[in-house]
Amino acid sequence: MASDMDTTRALAIFAATSLVAMLACVQGAGDESYTFMRDAAQAPQVSYYDYIIVGGGTAGCPLAATLSQRFRVLLLERGGSPYDDERIGNMTHFADTLSDTSPSSPAQRFVSEDGVVNSRPRVLGGGSCINAGFYTRASDEYVRGLGWDLEATTAAYRWVEDVVAFQPELGPWQSALERGLLEAGIAPQNGFTFDHLGGTKVGGSIFDAEGRRHTAADLLRYARADGLDVLLRARVAKILFNVRVGRRPVANGVVFHDSEGQMHKAYLSSGRGNEIILSAGAMGSPQLLMLSGVGPADHLRSFGITLVLNQSAVGQGMSDNPMNAIYVPSPSPVEVSLIQVVGITEVGSYIEGASGANWGIRRSGSGGDRPHRNFGMFSPQTGQLATVPPKQRTPEAIARAAEAMSQLDDTAFRGGFILEKILGPLSTGHLELRNRNPDDNPSVTFNYFAHPEDLRRCVAGLSVIERVIQSEAFANFTYPYFSVETLLNMTAGFPVNLRPRHDNDSTSLEQFCKDTVMTIWHYHGGCQVNRVVDGEYRVIGVDALRVIDGSTFNASPGTNPQATVMMLGRYMGVKIQNERLGNEGFGKRNL
């Protein structure tokens with residue numbers, strides 16, 4: 001067990017270089033200037049389109065770009081443009097983005113009922129703007145299991161990769177992690193590949209060679225300008241339905257408000273096959289279905305929502321892949337890196353890492369002002385601790401914590417994280433409305449580690465991390481007097497979530513998993529296939545309405561889902577177009 005002095009220092013190290021803050025590095029915005037993109041306040045009061053897509057995120061952008069090649073498409077995004085926010089464009093400002101809890105922030109924070117702090121995107125490009133940038137495909141087994149066409153998904157992946165995916169160049173720390181995984185038995189060595197292969201590999205990245213992030217918003221360059229309107233800061237209140245006795249409800253429009261509070265309505269044009277498509281994500285899509293009257297009848301009636309369809313599965317099957325990390329302080333300088341290497345184990349967990357000197361730390365102050373550090377999401381002033389009840393974070397306590405952390409030498413903040421994320425997961429929860437305001441977060445429970453197999457996978461993954469830390473390959477990046485138990489102890493002591501701690505966190509890996517669980521933003525479910533939507537992503541029991549995003553997943557695809565979510569938008573866009581061409585007497589078209 002570490003001494004009090006070592007533990008205090010170690011906790012400060014962890015605070016300053018917290019994984020959640022580090023992994024939330026936001027994109028370096030490009031110079032895209034789309035002629036079809038404008039503020040929703042400039043939209044007409046009433047408009048008509050062939051397709052209305054709600055949510056301009058990782059699925060919505062490629063879907064809209066594809067459908068616009070033949071149809072008139074409206075893409076409604078509740079957030080702003082990633083190209084207008086310098087924090088998104090500048091990697092050094094990533095901590096500011098996550099710490100921003102204003103209504104215009106690109107990241108909308110929420111805390112699950114499990115006590116885990118999380119974020120949902122609120123920006124064009126969606127989650128690809130606030131993630132670690134790792135790009136990897138789902139396995140062929142996953143693709144076949146969902147009934148997707150393997151050849152068509154491969155083509156869709158490549159369409160995405162031509163714009164947003166790159167091969168990263170490994171620095172010394174990531175190279176040591178790669179060798180350490182191999183030394184720990186995570187074989188074979190698969191080198192660089194986008195494919196999901198057991199063993200150790202270098203995956204793709206949405207950061208290019210200059211360190212600029214590319215997101216789903218960049219895929220809009222494929223769009224036909226005359227076929228697409230993108231409205232920013234368009235907050236959709238509900239879907240409109242044509243409801244007749246004895247007939248299935250038919251979606252025919254949406255109601256949305258602009259940033260000035262003015263109401264607008266967009267309707268589907270007359271024509272067979274026109275549809276509304278929800279791509280608002282695992283939080284937004286089930287929430288919007290409920291607000292529109294599609295969901296559990298008793299729950300909707302309790303909020304005075306007119307029932308359109310009693311669908312008890314809406315909001316069910318919510319899962320978040322639990323992530324646990326061990327911080328490893330380094331005696332040697334380390335490069336700034338996000339997720340680049342992954343160990344795909346046989347024990348049901350994925351091992352990844354990220355490193356960086358002074359991650360989450362920005363000095364400020366000018367003239368006679370004393371410089372101070374901003375610790376980003378985990379800053380005592382503005383970060384995760386801001387979610388702790390006020391009685392537990394008095395101004396005096398916050399000031400003492402900030403002062404203590406500001407006195408530490410910069411070398412205290414040098415190191416990296418090795419993390420494990422379990423596949424699946426098997427544990428599931430649910431989502432419910434808190435109120436009728438679409439801007440507010442719904443209530444969500446993920447039930448982390450409720451299934452014993454998830455806990456077993458976490459423990460097995462942590463055991464692999466221990467072997468990596470103790471490997472010869474990683475020796476240059478570990479202090480010999482910091483035992484694994486010490487590292488576990490310092491990690492467990494920092495408030496990475498709002499869950500209670502236990503005295504045996506450093507000796508019981510099971511308890512460590514439960515007490516230090518964090519998110520890696522891979523949550524999914526709420527509109528699952530064969531429960532809420534069918535195999536073509538049409539909402540069961542309703543016409544002219546689909547859901548195409550991560551809310552339809554029963555399990556997270558591969559080690560990181562963003563590649564597959566972007567692929568799904570393209571894949572379904574092509575499929576929908578070809579189906580309509582066939583129905584209209586035309587042959588299949590390559591897009």
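Glycine too: its Cβ is placed from the backbone N, Cα and C atoms.
Copied over from TrEMBL:
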{"type": "SIGNAL", "residues": "1-28", "note": "signal peptide"}
{"type": "BINDING", "residues": "V123, V236, W521, H522, G550, P561, Q562", "note": "FAD binding site"}
{"type": "DOMAIN", "residues": "281-295", "note": "domain 'Glucose-methanol-choline oxidoreductase N-terminal'"}
{"type": "DISULFID", "residues": "C458-C513", "note": "disulfide bond"}
Distance from C458 (disulfide bond) back to H522 (FAD binding site), taken between C-alpha atoms, in Å: 16
Surrounding CB atoms that lie within 10 Å of the CB of Q562 (FAD binding site), all protein chains: 29
Greatest inter-residue Cα distance in Å for the FAD-binding set V123, V236, W521, H522, G550, P561, Q562: 25
Binding-site residues listed as G550, P561, least Cβ neighbours within 10 Å: P561
Rounded inter-Cα distance in Å - V123 (FAD binding site), C513 (disulfide bond): 32
Spatial separation of C513 (disulfide bond) from V236 (FAD binding site) - C-alpha basis, Å: 38
Overall pLDDT of the domain 'Glucose-methanol-choline oxidoreductase N-terminal' (281-295), taken as the mean: 98
W521 (FAD binding site) versus C513 (disulfide bond) - Cα distance in angstrom: 17
